[in-house]
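Just dropping this structure here.
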Amino acid sequence: MKKPIYKRVLLKISGEALAGEQGFGLDTETINHIADEVKNIVDMGVEVAIVVGGGNFWRGRSGQGMDRTTADYMGMLATVINALALQDALENIGILTRTQTAIEMRQIAEPYIRRRAVRHLEKGRVVIFAAGTGNPYFSTDTTAALRAAEIEAEVILLAKKVDGVYDSDPYENPTAVKFDELSYLDVLRLGLKVMDSTATSLCMDNSIPIKVFGIDKPNNITKVILGESIGTFINR
Ligand code: UDP
């Protein structure tokens, strides 16, 4: 039987990936599917931390005419809604889970404490990081890069609606070509829509590999964990 190639991973799930086909809000079936996928790899002994996005409810840049900082705080709150939904789905299938928020809201979740997060992971609990970095002008992709570095995750699993990185938008261009492997500099130079440049630079500077793959196909998270080459690998 194949063995996991990673011991500790950081899974980034965009808000969009939680919305399913409707493109907005939360789709229960989709969330349950993701929870099942996470259970598969937890059962293999992999330590899993998750960063959730918030774009299925709100993005800072959607707040036209609004104060940007206020709009970004709204985005961070959206990630907390997603984190709680995911926590609930994971606990429903027996996975021990802790949510930690970068902005204190103690009645709802623990505050982010790195050492405590690592301890939870060591005990086999899934840790969900919510409220981004706690700072406006950042993204949850940057949060994923930052938390991955802090908890010494071996890889960022970037679960997307699209099944990898393409040279142009595959929804708009049917001849778009998928990359199997890329360097961080390729992503920055070609302006590829994988992560924003802050997040990509943080991964580059700290040598954190990124696996980009589609979340909607069954068992994709497991496949990545077992070393199957699906999606796009960014690692140099
Ligand atoms: N956000 C922020 N600081 C952070 C992380 C997120 O201000 O450290 C805000 C920002 O407004 C962003 C929103 O939260 O647009 C939702 O996050 P993101 O767009 O990264 O979610 P995703 O695209 O992954 O669903």
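Glycine residues also receive a Cβ, built from the backbone N, Cα and C atoms like all the rest.
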May I ask you to indicate which of 20-25, 62-67, 218-223 is given in TrEMBL as region 'Involved in allosteric activation by GTP'?
20-25
Check TrEMBL for me: it has Gly54, Thr133, Gly134, Asn135, Pro136, Tyr137, Phe138, Ser139, Thr140 binding UMP, so pick out which one of Asp36, Asp43, Asp72 it puts in that same site.
Asp72
For the region 'Involved in allosteric activation by GTP' (20-25), DSSP counts of helix, strand and coil?
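Reading the DSSP string over the region 'Involved in allosteric activation by GTP' (20-25) gives 3 helix, 0 strand, 3 coil.
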Select the closest residue to Asn135 (UMP binding site) from the following binding-site residues, measuring between CA atoms: Lys12, Ile13, Arg59, Asp169.
Arg59
Write out, in the order they occur in the sequence, the residues of the chain not among Gly54, Asp72, Thr133, Gly134, Asn135, Pro136, Tyr137, Phe138, Ser139, Thr140 that have a C-beta within 8 Å of the mean position of the C-beta atoms of the recorded UMP site.
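For the UMP site the neighbour list reads Gly60, Gly75, Met76, Gly132, Thr142, Thr143.
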Are any of Lys12, Ile13, Ser14, Arg59, Tyr166 (the binding-site residues) within 10 Å of Thr133 (UMP binding site) when you go C-alpha to C-alpha, and if so which?
none
